[in-house]
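Engineer: Dropping the structure in here first, questions after.
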Amino acid sequence: LDLSNCSLQSVPPGLAEATAAIVLDLTENALTAVPSASFRGFTHLQNLTVPPALECPGGSDAWQDVTVDRSSRLCQGQRNPCNSSEQLAWPCPENSVCAPDGPGLVQCLCEGPFHGYRCLREGTFPMLLFGGILGTATVCLSLLLWGTQRRKAKSP
């Protein structure tokens with residue numbers, strides 16, 4: 001994806017739709033910052049070129065190789081922060097696993113039958129119980145309203 005020399009002042013919001021990009025060029029733009037959150041979901045990004053005054057998103061530790069010349073900074077080979085040897089593995093809660101979510105970004109995904117806040121609930125959502133209670137409450141309320149309001153509709 002070549003966005004070089006597009007007169008960008010900031011990272012465009014539509015960039016979030018290009019998460020499948022492998023190569024991205026943002027050079028020759030008047031960018032003042034490249035927030036790491038702008039690259040959430042860019043797990044396939046392998047080459048990112050930014051103006052030389054800016055840092056690579058996620059910092060130098062998020063990339064295998066960072067090369068700077070007079071016209072650009074090239075960030076190559078996105079590292080997986082979940083199995084990094086420089087620092088401790090990302091602290092995900094019990095019953096979850098760490099997964100990369102872009103340069104320097106991680107997400108914790110629930111394993112197996114666990115779901116919900118901090119992956120503490122086991123099993124699946126009780127859809128039948130929820131639907132039964134909601135349906136019964138709706139029918140009862142409808143009958144109550146129909147019974148109390150129908151005489152007002154019968155006026156001659």
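Residue numbers in this text run from 1 along the chain shown.
Using N, Cα and C of the backbone, Cβ positions are placed for all residues, glycine too.
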Engineer: Based on the record in TrEMBL, give the one of Cys98, Cys119 in a disulfide bond with Cys110.
Structural biologist: Cys119
Engineer: So if I measure Cβ to Cβ from Cys110 (disulfide bond) and keep only same-chain residues at least 6 apart in sequence, which ones fall under 8 Å?
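Structural biologist: Within the chain, Cys110 (disulfide bond) has Cβ neighbours under 8 Å at Asn95, Ser96, Gly116, Cys119.
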